[in-house]
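Working notes, structure below.
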Amino acid sequence: MEQLQGRDLLGIADLSSEEIKNLLELAQQLKSGKLAPKCQKILGLLFYKASTRTRVSFTVAMYQLGGQVIDLNPSVTQVGRGEPIEDTARVLDRYLDILAIRTFAQKDLEIFAQYAQIPIINALSDLEHPCQILADLLTIKECFGSVEGITLSYVGDGNNVAHSLLIGGALMGMNVHIATPANHQPDSQILQQAQELAQNSSKIVVTQDPIAAVTEAQVIYTDVWASMGQENLADQRIPLFQPYQVNQELLSHADSEAIVLHCLPAHRGEEITEEVIEGKQSKVWDQAENRMHAQKALLVSLLGLS
Ligand code: CP
Ligand code: NVA
């Protein structure tokens, strides 16, 4: 996919709907083994927050492409001791072919992208988690044949995952319903952006009523009530978020064929019950596997390998 070569992915809106469609098709071809491009490129992983899926799926994807991965753990590199991002970015640019960063501030990603010529991938920030949403869209496409016209209901905290779902869903012509407690709604600018992208082709709904949000939805999605960096708020949030738990009762209001997604890691008994995450409507393990296929398609495209 030549048009993506050399580009950054800082938020899901960095991709057009056509580019996302192409990435999903490429991911399906890579997953089926119809395509197996090879490279000798080097991916850097600079993660300021914990990660299992993103770290391992990027590493495995790169190894399967024939490339290599360097773990730039901030606790053993100079970034952890305060070396400016502007300097780190220009140095890493001279060594690496591509760099995935998990950090707090979206601004840090923007500075990396400004100072490095190589593609910079947002591997999760406080604002967005675009790689996750590519895997989610792939999973929805596998389950329903296409993503367009599907209603996805996200129930819980209006966080980074909710933001990328809003924008990614709007770009793909999905209806996105978000149910959160009053003071935990998505960022207003993200919401406005999603509404503008959706225009007349799909519907964006933000409500405090979880039952209204999931009614007739084909995809029910949730995430933790306290994201990384908010651990100190976790206990006080539990009673406030309890009505937003994805349990069997809430699921009974959705389409009878609805699937349940969760980006993981999950807190059973909080945002999702054991019964639902382990139930037959749960697609969370396919979703986790798809991180690898979707990110491999992303690497292939940003590195210009196809
Ligand atoms: N879903 C996700 O990004 O998981 P990790 O935090 O384990 O990478
Ligand atoms: N919203 C969660 C997602 C983890 C993959 C967090 O930011 O911690």
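Cβ atoms here come from the backbone N, Cα and C positions, even for glycine.
Remember, it's a predicted structure, so these values are computed and weren't measured experimentally.
Pulled from TrEMBL, these are the features on record:
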- 7-142: domain 'Aspartate/ornithine carbamoyltransferase carbamoyl-P binding' (DOMAIN)
- Ser51, Thr52, Arg53, Thr54, Gln78, Arg102, His129, Pro130, Cys131, Gln132, Cys263, Leu264, Arg291: carbamoyl phosphate binding site (BINDING)
- 148-301: domain 'Aspartate/ornithine carbamoyltransferase Asp/Orn-binding' (DOMAIN)
- Asn160, Asp223, Ser227, Met228: L-ornithine binding site (BINDING)
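Overlay of TrEMBL feature records on the structure.
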residue : record                           : DSSP (3 states)
Ser51   : carbamoyl phosphate binding site : coil
His129  : carbamoyl phosphate binding site : coil
Asn160  : L-ornithine binding site         : helix
Asp223  : L-ornithine binding site         : coil
Met228  : L-ornithine binding site         : coil
Cys263  : carbamoyl phosphate binding site : coil
Arg291  : carbamoyl phosphate binding site : helix
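Other Cβ atoms within 10 Å of the Cβ of His129 (carbamoyl phosphate binding site) number 29 in total over all chains. Note on proximity: among Asn160, Asp223, Ser227, Met228, the binding-site residues of the record, the Cα nearest Cys131 (carbamoyl phosphate binding site) is that of Asn160. Using Cα positions, the member of the binding-site residues Asn160, Asp223, Ser227, Met228 nearest to Cys263 (carbamoyl phosphate binding site) is identified as Asp223. Taking all protein chains in view, 25 other C-beta atoms sit within 10 angstroms of the C-beta of Asp223 (L-ornithine binding site). When the CA atoms are compared, no binding-site residues among the candidates Ser51, Arg53, Gln78, Arg291 lie within 10 A of Asn160 (L-ornithine binding site). Within the set of binding-site residues Ser51, Gln78, His129, Arg291, the entry lying nearest in space to Asp223 (L-ornithine binding site) is His129 (CA atoms).
Cβ contacts within 10 Å of Ser227 (L-ornithine binding site), excluding its own Cβ and spanning all protein chains shown: 18.
If you count neighbouring Cβ atoms within 10 Å for each of the binding-site residues Ser51, Gln78, Asn160, the highest count belongs to Asn160. Here the binding residues for carbamoyl phosphate are Ser51, Thr52, Arg53, Thr54, Gln78, Arg102, His129, Pro130, Cys131, Gln132, Cys263, Leu264, Arg291. Their largest Cα to Cα distance works out to 31 Å. The sparsest Cβ neighbourhood within 10 Å, among the listed binding-site residues (Cys131, Met228, Cys263), is found at Met228.
For ligand 1, no neighbouring binding-site residues occur among Gln78, Cys131, Asn160, Ser227, Met228, Arg291, by Cβ distance under 6 Å. Cβ-based neighbour count (10 Å, all protein chains) for Arg291 (carbamoyl phosphate binding site) stands at 25.
Excluding Asn160, Asp223, Ser227, Met228, which define the L-ornithine site, the same chain contributes Leu124, Asp126, His129, Asp157, Asn159, Val161, Val224, Gln230 within 8 Å (Cβ to the Cβ centroid), listed in sequence order.
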